[in-house]
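Pulled from Swiss-Prot, these are the features on record:
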type: COMPBIAS; residues: 885-896; note: compositional bias 'Basic and acidic residues'
type: DOMAIN; residues: 284-442; note: domain 'SSD'
type: CARBOHYD; residues: Asn263; note: N-linked glycosylation site
type: CARBOHYD; residues: Asn590; note: N-linked glycosylation site
type: CARBOHYD; residues: Asn641; note: N-linked glycosylation site
type: MOD_RES; residues: Ser821; note: phosphoserine
type: MOD_RES; residues: Ser837; note: phosphoserine
type: MOD_RES; residues: Ser843; note: phosphoserine
type: MOD_RES; residues: Ser850; note: phosphoserine
type: MOD_RES; residues: Ser936; note: phosphoserine
type: REGION; residues: 60-81; note: region 'Disordered'
type: REGION; residues: 535-710; note: region 'Loop-7'
type: REGION; residues: 588-617; note: region 'Disordered'
type: REGION; residues: 668-696; note: region 'Disordered'
type: REGION; residues: 834-868; note: region 'Disordered'
type: REGION; residues: 883-903; note: region 'Disordered'
type: REGION; residues: 925-959; note: region 'Disordered'
type: REPEAT; residues: 770-810; note: repeat 'WD 1'
type: REPEAT; residues: 1005-1042; note: repeat 'WD 3'
type: TOPO_DOM; residues: 1-18; note: topological domain 'Cytoplasmic'
type: TOPO_DOM; residues: 301-312; note: topological domain 'Cytoplasmic'
type: TOPO_DOM; residues: 366-401; note: topological domain 'Cytoplasmic'
type: TOPO_DOM; residues: 445-518; note: topological domain 'Cytoplasmic'
type: TOPO_DOM; residues: 729-1279; note: topological domain 'Cytoplasmic'
Amino acid sequence: MTLTERLREKISQAFYNHGLLCASYPIPIILFTGLCILACCYPLLKLPLPGTGPVEFTTPVKDYSPPPSASDHKPGEPSEQPEWYVGAPVAYIQQIFVKSSVSPWHKNLLAVDVFRSPLSRAFQLVEEIRNHVLRDSSGTRSLEEVCLQVTDLLPGLRKLRNILPEHGCLLLSPGNFWQNDRERFHADPDIIGTIHQHEPKTLQTSATLKDLLFGVPGKHSGVSLYTRKRLVSYTITLVFQHYHAKFLGSLRARLMLLHPSPNCSLRAESLVHVHFKEEIGIAELIPLVTTYIILFAYIYFSTRKIDMVKSKWGLALAAVVTVLSSLLMSVGLCTLFGLTPTLNGGEIFPYLVVVIGLENVLVLTKSVVSTPVDLEVKLRIAQGLSSESWSIMKNMATELGIILIGYFTLVPAIQEFCLFAVVGLVSDFFLQMPFFTTVLSIDIRRMELADLNKRLPPEACLPPAKPVGRSARFERQLAVRPATPHTITLQPSSFRNLRLPKRLRVIYFLARTRLAQRLIMAGTVVWIGILAYTDPAGLRTYLAAQVTEQSPLGEGALAPMPVPSGVLPASHPDPAFSIFPPEAPKLLENQTLPGEPPEPGGQAEGVHDSPAPEVTWGPEDEELWRKLSFRHWPTLFSYYNITLAKRYISLLPVIPVTLRLNPREALEGRHPQDSRSAWSPPQPAQGGLWDAGPKGPGVAQAHRDVTLYKVAALGLATGILLVLLLCLYRVLCPRNYGQPGAGPGRRRRGELPCDDYGYAPPETEIVPLVLRGHLMDIECLASDGMLLVSCCLAGHVCVWDAQTGDCLTRIPHPGRQRRDSGVGSVLEAQENWERLSDGGKASPEEPGDSPPLRHRPRGTPLPSLFGDQPDLTCLIDTNFSAHPRLPELDHPEPRHRSGCRRTQDCTGYDFSRLVQRAYQEEGMVPMHTPAPRPPSPGPTPPQTPEDEGSFPPEKGSPSFTWAPSADGSIWSLELQGNLIVVGRSSGRLEVWDAIEGMLRCSSEEVASGITALVFLDKRIVAARLNGSLDFFSLETHTALSPLQFRGAPGRGSSPTSPVYSSSDTVVCHLTHTVPCAHQKPITALKAAAGRLVTGSQDHTLRVFRLEDSCCLFTLQGHSGAITTVYIDQTMVLASGGQDGAICLWDVLTGSRVSHMFAHRGDVTSLTCTTSCVISSGLDDLISIWDRSTGIKLYSIQQDLGCGASLGVISDNLLVTGGQGCVSFWDLNYGDLLQTVYLGKDSEAQPARQILVLDNAAIVCNFGSELSLVYVPSVLEKLD
């Protein structure tokens, strides 16, 4: 077994066990899943509901004044300003955005030096802001006069009293962690620990203390030991109560003068007013509710054709809850992990619903309801999950692999998408497995307990069928016989779920193939590939930076190549006209930036191993507050008991501040314990590795030509579309669509309704292998795959080789009275029979060319065996040349294997006069028996000893006398290995050797005859005419040799039974007896899976345990005698009776699963496949039923007398008999595949019985002859 097969087996077993667990304990699992959903959705309480997010309004800074308290526009006139923009805001927010870095970076610096010195400059900035005073003609104005004065914090925030300001201006900075004391900061050995000590230990999704003081999201601050960018960002937040334009302008000018930002291009032109809502409105809910209603309708109409579901609405609701809960869990977990998804985004919902939601739900439902309906609910759930386990896990692994590859592209946009997709996949998989599977098991259990016991007959529910061409005929009409041997009667399309409408076929095709998942996965791969290669912060830039850093020259060792003036314009606005990208000029080691003083450290201290990170400003820095949590500002004001509900705040333009620190400052600000740290500084990333936003004018923008990638993406999309069209063509178009001469007008064989596309079934004629050897009609047939045993009404048993058709042994009817008993009389009977037969070995030529009769040597016979016979040695004539030659036949016969010749087949020398004279001389009178009755075409009841005859007197043959048997005729017959078990009308059970023809053992005679037998392993069960059961066991006193096994198991069969040696002693013991199993004779007996099922004329069935004959259940559901029973290894039990009804039973619980009114008259034959129930009756009608729903799919009208001739070759192939022919049908669609005529001479003989062997052969009973037909090769390929 390969690794893939072992892995597949493990996954299947795990899903099987999970299905058993979910179906066994549904309520606890649903409660546990609900608690998990609530726990994962807890962070959503901190997120806004759809439609309740903050609303923004932008106004220019120039000439700004707070709006009046009352709106002055008329109600009917449109206004550019929103309704909430009335009066002064709660506060004005001014953020001073600081970007700081240590430049140049030395090799001996530590990772903690990246952020310790930049953070220490926050104290200086705060001091400069607090000391700023505006002096103008109106006087002086300080910060205390214009800022928002706050009082005490809320009583529950005692831990934050030393951090957040109280009784003064609301000013926030990272220095608040150390109470704005620089000495505390320098004395702190663990800065990161101090920053994170107030982080909540529980689930918390609102603004944290770190975000409030830093003013930027945590991942953008750069305060980490693992940061690649040696750039620290934070803000100093000022909250003003009044807007004072002059004070704000002077503060901005002073800070930009003290800390200039040469390459900054931030615009200070507009104010952003943010309004916070309080309650959700009905209008905002309409789009979301509409989306889920459409989803609910889609699932309902996709599952409404699934008949084995109790509540279609409930299933659709469970699917919607699954998808919705998956969406909510994904958003909640992503919010918990630091991502900030929004429920308003249109890109989240389609991915979760289409890719990981609906397809698995639909596939799981179809897989579970397609399991055998007679199984227990938990077994059906387990089998359904196990069958789809490999495809679910394979798709899951593929999607996770794509997401993992996308995450390592190092593109921030792709990484954020991949993180959200991983959480969505895992949450959806978690919900589908425990929750939806458990809900499905509850629904199927309700269906089993409620609906199936109350289901009306399907005929009572069928709508009247519309006539299509000719009237549909459900039953056989004796007055009008069809012109063709078969008439197909189909049910209406609403009840025939095998041929689905094209719309549903497309839906199930898309769900079964996971086409949507595959298309979106392919699109995701293409998108990730293009974005990863073309994005300036992607993998290509990272690899280029790594190669440059590992180069011995380094990037800083090379000066840019000068370009002669006049060749190309030096500063063309279009980068496509420049050979070199418009990068900022690289500095040599002895150069400094303009406006920056030279470093005092000299040449020795300026040596560094990597260039310093360049501080850049982009448009995204103007509105960095948008990346904060939407509850950032409400949380801050709520600490001081200020609510922002139905109010707004105004955000002023950001003041940029750039700080460049030299390595000496970093070394001076280092704590003594920092030198003991083992952390090494990470390698810097070039070009802004983690920054995917657009850059300013001074940022390097590489020329990107994406034409090649567009062409590749277009070609890939075209290929995917072509494959999709080909798949849809195979689904929608018929098999011979577009072929000439195949139109609907050219139909043969009587316009068969099953021929939907004008397909004409082929007709062939083959010469069968005819098995002849019985003088009367064959009543019993049995086979174990290698041997075939037949018994006729005369009591003669023939053993045939199922491969070659040779007659191996003939067991005679022991009807001749013997004076001796015991083994001698048996041997004598065998000896006399062999004198009459030819040993079963004949060539397939004409009968006249057959070899002389042969005799199986038995050794020297005992003298006492022939005491009652005359001495005929004097009659032996060795002069063969004088004998007349037999006339040759004019026409050849079909090839045959015969056990004896009929008198009309050949003529020979008449020995009657010689034998008669020898009898007279010995004083013996031969006895004659009456001629046998002509065979009856119908079922023949068991014959009594007085009714039975023997061989007719043949012309030219010795008149051996066969008296009526005292042992009774054969009523039942079974075969296993090389043992034949025979049940006689006298009540005697006999075990014969099929190869040697010897009687191995027998039981004592009982007054009641044996009507049915079961021979399974070493157990024999005999059902008697008085309703009793006898359980026998076979024992052998010689161990079996490992080589004593015949052949290999055939297709779909169990291993071949052992062959008992002739030296073994076989003993049959009676182990149990059930004296009153039924009140009337037992008419049907079957055994499988350790269970024995009996059917009787008392209208009941009983289920016994085979090992101890314990009666488990008595099944009552028929209103007539039981005529046929079916049971297999999967414990599928079906029964048919004289009332024409078919019942399906659950063997494990003894309950009736389904009840179907099948035929007008007795049900003569019954068999099942994995999805269908096939029945035949005396009305010569074969009906095929859906096993899960009990609805008739279609029926096949048989020839007169051929109603019981059917056999199942496989789950998809059915064979039926007709007048001298057999027909093969496709069980899935009811199509006639092929009709095989068995020669022209047998056309008038109906096939009364069909037995399917394991070697792809079929045995047809044509009265006293058997025909061995091999399945056509085209059908074997189809199977």
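Note: Cβ is positioned from N, Cα and C throughout, glycine not excepted.
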How many helix, strand and coil residues does the topological domain 'Cytoplasmic' (366-401) contain under DSSP? 29 helix, 0 strand, 7 coil
Counting only residues at least 6 beyond its ends, the same-chain positions whose CB falls under 8 A of a CB in the topological domain 'Cytoplasmic' (1-18) are 382-383, 385-390, 392-393, 433, 437
As a whole number of Å, the Cα atom of Asn263 (N-linked glycosylation site) is distant from the Cα atom of Asn641 (N-linked glycosylation site) by 41
Reported in the order helix, strand, coil, what are the DSSP residue counts of the topological domain 'Cytoplasmic' (1-18)? 16 helix, 0 strand, 2 coil
Could you tell me the mean pLDDT the prediction assigns to the topological domain 'Cytoplasmic' (301-312)? 61
